[in-house]
Each structure stands twice: as structure tokens, then as C-alpha cells.
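Shown next, in C-alpha cells, is the structure this report addresses.
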Amino acid sequence: MRRFLLLYATQRGQAKAIAEEISEQAVSHGFSADLHCISESEKYDLKTETGPLVMVVSTTGTGDPPDTARKFVKEIHNKTLPTDYFAHLRYGLLGLGDSEYTYFCNGGKVIDKRLQELGAQRFYDTGHADDCVGLELVVEPWIDGLWAALTKHFKSLGGQENMSDTLSRASDAPLSTAMKPELLHIQSQVELLRLEDVGERDSELREQNETNRGQQGRIEDFDSSLVHSVPPLSQSSLSIPAVPPEYLEVHLQESLGQEENQASVPSGDPSFQVPISKAIRLTTNDAVKSTLLLELDISKIEFSHQPGDSFNVTCPNSDREVEELLQRLQLADKRAHRVILKIKTDTKKKGAALPAHVPEGRSLQFILTWCLEIRAVPKKAFLRALAEHTSSATEKRRLQELCSKQGAADYNRFIRDASVCLLDLLLTFPSCQPPLSLLLEHLPKLQPRPYSCASSSLRHPDKLHFVFNIVEFPPSTTAASPRKGVCTGWLATLVAPFLQPNTDVSNADSGDTLAPEIRISPRATNAFHLPEDPSAPIIMVGPGTGVAPFVGFLQHREKLQEQHPDGKFGAMWLFFGCRHKDRDYLFREELRHFLKTGVLTHLKVSFSRDAAPDGEEAPAKYVQDNLQRHSQQVARTLLQENGYIYVCGDAKNMAKDVNDTLIGIISNEAGVDKLEAMKTLATLKQEKRYLQDIWS
């Protein structure tokens, strides 16, 4: 068979699943995929690779390559590498991203760009799949086209076609080869800012997204639902994926009664069990969202951190949802049985391996509670597998529709956008009775949840604060009862017995109630820290819980000023926003204290739901409105005083709006056009003077 090297760079398993799908399909097209995680550098060597390379690369954080690709990215960015280092290499790359974030698909773009700079050439156009509208809209046609591109590549090696023809489509690389080397990175950053009037590829993406939304809109005109389709889909012949090969053999053994706890959860990072020493409600009871602050006692562990860092919290699934799942799977009487896994001897799955996130010999209840993401939105391959275990012909057909090419719009509307999970499907399709092995094959690892540090170790030695909203999901057509966020709901229940009402954080007492413990682990360090030069002015933009790291910044700066009374410290601006002044103004007293003492130079607060008193000017509704009102000072800080700007909070709307506002401010105040303003902002990002800590 014709061999190609297939590498994936994954953060949460999405890229791995797609790469495995490519590997499975390869055989039927006459190819053999040599599949590896990009971090397994001992198993491949791109410098001597003779076969074509196919890569699937995800994006994490604010446009970073995934953790598994960090070493690879660092190595290929070695400045001593010659420009023909990869001249022998022919590749195709599929990037995964989310257009709700500013730096869409940047993980893939960084690698794609560097491979080009080192002489590699594409045998197949790069794909950019958007999780905002559905990865499969790009992933499926990209995989379909891959086989023809590979066939053409191998034919060209045999002299049947001219290599230049094979590679002609690679000539549309986004960066001009005539561009000066020092401008390459800036130009790349500008491209990734994704303004609507710049970039041919982005316009194509938007057209594709609009087409998809149009498909969904047409469906809404009919009485379709998760369980029911309408013409033309209900009458169409379906193109559905092949049934994923089963590969796990599961045995349930009666337990000997061993004790199980969080420490049994597999983790690649060092983790620590720490007590919660304080819990405070920061919002009033009538606030739209409930926001809590938790204080952790880290005095017994080595856990160094600084303001701007984040850390992971290991959390379980909801007890109620686990119980419902056990009942629905008819396994409630075996909840305490130990789960023993083996690879099926006759499996057709290439490279089948036991899931690393399922510990050996743990109880079924423990695995469903601590190891599997039972809230995960099922991928189409999972739906296809579930259809094979559905006895009702009507229900089976509907599951097949939802995983078919023809049913892509229905999948987006009723599965992905509705955040439907396995339990929802099993309750909606009562004749579906999958074996436990299928769940263990398809449910991903229950991921720890990241939180920003909201305190300084200088102000609170041996303590660690973090802040979160209790995420709540109202009842829906698939979930009859309301649900809370997996981690935030669990934490809220955990601290309910000793939760203190809205109060000044610094004056809150540690309760006498026995403190529950949670497991935390450090995350990779980032650049979201105070400047090394304390005299540099900074602008902080953080509405809602996005203010958390900035409270840590201010605590840290206050202590530094106390320790160095003659030191020179730059101005600190904080743009904060909330809904109501009297309900969810987080850290109000502490922020006023910082303003009074001069640690905080300017505090600009916007209230999106409060009306202006009679006769007064309407207040700014959002943080970007306040930025615009102070555009001269913002521009002077960034462009003349070498200042820094930090943005923390929601990626979907706020971060984009702030980014657009900054471009407008630079354009107006510096008297340059939009493109030049984008270049300036890209330079700030490259210099790590424009930093983001955002989430969706």
C-alpha cells in the first residue's frame, strides 16, 4: 500500500479523532497511514521523511498550538535552520479552530507558515475548520478530497504527471515570498486578525458559514426536531460514515470493596489535594448570575504562582446524571463492579489501544463519575455506532440522518448547537441500547476545568483565590430538568454549607465548618503577567469574572509599592463592566480601596442594564464603550508610552468587540488606515504588549 505520514496535534482529543478517521478511511482508498501524535518525535523524522505528510492541528488558548505540539513548534522555529530544510517535504494540513476567537486556526497556521518558510510544499490545499459553525462542514469535504490529492501525488512520483501540476495549488500561500523576512511574522499576525474586509480565505469562510446558517434557517420553517425529520431529508438517500470498528472488550467483576477517591483519576500533571478555606458569594441573590469566590489553603504543598497564572480543578460529573445513565443502561445493580478492559482479538481498528483516561480495575460508578465526559456532544462517528444498537427502524433512520452528509444542518441545530449529550440521546431514542464498551470507546476524557488566579502570593501567602459564575442551563426539549455547569455546579454544592453572603473579601472569616478538599494542578505558564518593568503603564480590560486576574495584579502591585516606596510605578487603568451596580459589581470595595491608595490610577466601570438617572448622561454600557470614551489616553499609553493592554473574559463577543475598538482607536488617534492599525496591533501582540486570557 502507498504509505503517508499522518500526524495530529491535539489538546482535547478533537484532532486525534479526526486523524483516526483519516487513518480508518485510508485503507479503503488503497493507502496506509503511519499515524502518530506530533509529540512522539521518536517515531518519525521529517528531515528524512520520503512519503507525503498529512497533519491535523488544533488551536488552544488565544491562538496557541496545543500542548502536544509545543516542542515541535519550538524545534521548527530554530533560527539556524536553512530555508531548504524541508524542501523535500510534500504536505497537506487541516487546521481546527473557532472563529469566535480572534486568532482563528492559529495553531495550524503557525505550523503551515513555518513549513513553507523551510521549503516544504503543499500537495493539497490547507483546510481551516470552524467549530463555531461545525467542524464537519470543512473536515468532511477536506478528507473526501484528500484521497484524490494523494493519488495525484503518488502518480507524479511515477512520472505520469508533472510535479509542478501537482503542486500548483500550493502557489496561493498567504505570505509573499518576496516579503522581507522581518515583516513575515507581522504580516501573519495581521492576517489572523480577521477583519471582515481583509483576506480572501476569510470571505470564503464567511460565505460557507452563511450558507450553513441558511440551511438551518430553512429547516426552522418546518416541524423538525431531534427525533423527527422532514422532507427533503426524510426522503433522501443517505451518505453515512462507515460503522467505527469496535475494539474494546469489557468485563465487570464484583468489587472487593476498595476505597476510591479523586487521587485515582489519571493525570499527566502533578496534582494536589487542598482544602477550601473560604467561600464568598460576590453577587446579591437577585443578580442574573451567581458569582462565588473560593479561597484554597495551599500552605501544605509546593504550588508557586503569580497573578495572571491559571490552574486546573479536577471535577466529577453530576451524581444525578451518572445515576440516570446507570439506570438507562440497565447497569445500576453493577455500579460497584470493577471494569476490566481488553483489546478485542479480532478488532479491525488499526493501532487499537486501551483508553489512557480509564484507570484499571476501578468501579463502573467511579469511571462514569470521574473519568468520562458524559456531557460531551456526541460526534457523528458515535451517532453512527449508536444507530447499530437501535432496534426501532424509525429511530435508527433518524440517527443515521443526523450523522449523514445530508443531515449536516440537522446535526448542527439539534445536536451541536443544543449541546445534546449521550444521556439526552438515550432518553430521546428509547430503543437505543448500546453496550458499555461503546461508551468507553467514544466518550472522551473528563477534562479538568481551568480557572484564573485571583490573588497575589505577596498579599495572601499560602492562599489561592479564584472566582467563577455558577453556570446554569434551563430545561430544554431534551433535558427536562435544569442543569448546572459540570465543575461550577459541583463546587457550588460543595461549599453551600459554609458559603458567606456578599461581603468585603478581605474581611470575610474562614468558617468553622469542616472544609471540603478539591484536587488542583498547575497549568503551563503563559505571558499574562505584569510587565517586568514596573514603570510601564498598563490597561486592564475585564468585565464580569474577567476582573479576577486583575485583582491579583493590583494586590501584587500594592505590596510592591509598600516594599519599594521610592520605586517608579506606571499608571494602572482598569475597565470593568457588569450588569447592575448594586447586584454584580464584583470586588467593589477592594477596587475602591486600590483607587483611594493610588495603586489603581483610573477605574472605569460600565453597567449594561442600569438606566441613567434623569438629567444625567447615559453611562457606558460595555467596556469597549468606555475604551472609546478614553481613546486619546488609550492610544497614548500604547503608542507613545510603551504601555501594555490585558484583556480577560468572554471570547464570543467582548474580546472581539474590544479588538475592533482598539483597531478603531489606533486608526483615529494615529491618523492611519485600518490595515495599518491592524499591523500596529499585531506588533503589540508580537511584543507581548497586547495579551489576552479569554474563553468561550
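Cβ atoms are placed via backbone N, Cα and C, with glycine included.
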Position flagged as phosphoserine [Swiss-Prot], chosen from S23, S188, S277: S188
Candidate sharing the FAD site with R449, P450, Y451, S452, G485, V486, C487, T488 (per Swiss-Prot), from W142, W147, W695: W695
PLDDT averaged over every residue in the domain 'FAD-binding FR-type' (269-531): 93
Candidates K113, R449: member of the binding-site residues with the richest Cβ shell (10 Å): K113
R449 (FAD binding site) and Y103 (FMN binding site), distance between Cα atoms, whole Å: 22
Pairwise Cα distance maximum in Å, FAD-binding residues per record: R449, P450, Y451, S452, G485, V486, C487, T488, W695: 17
Least Cβ-crowded entry, counting other Cβ within 10 Å, from the binding-site residues listed as T10, G485: G485
All-chain count of other Cβ atoms within 10 Å of C487 (FAD binding site): 22
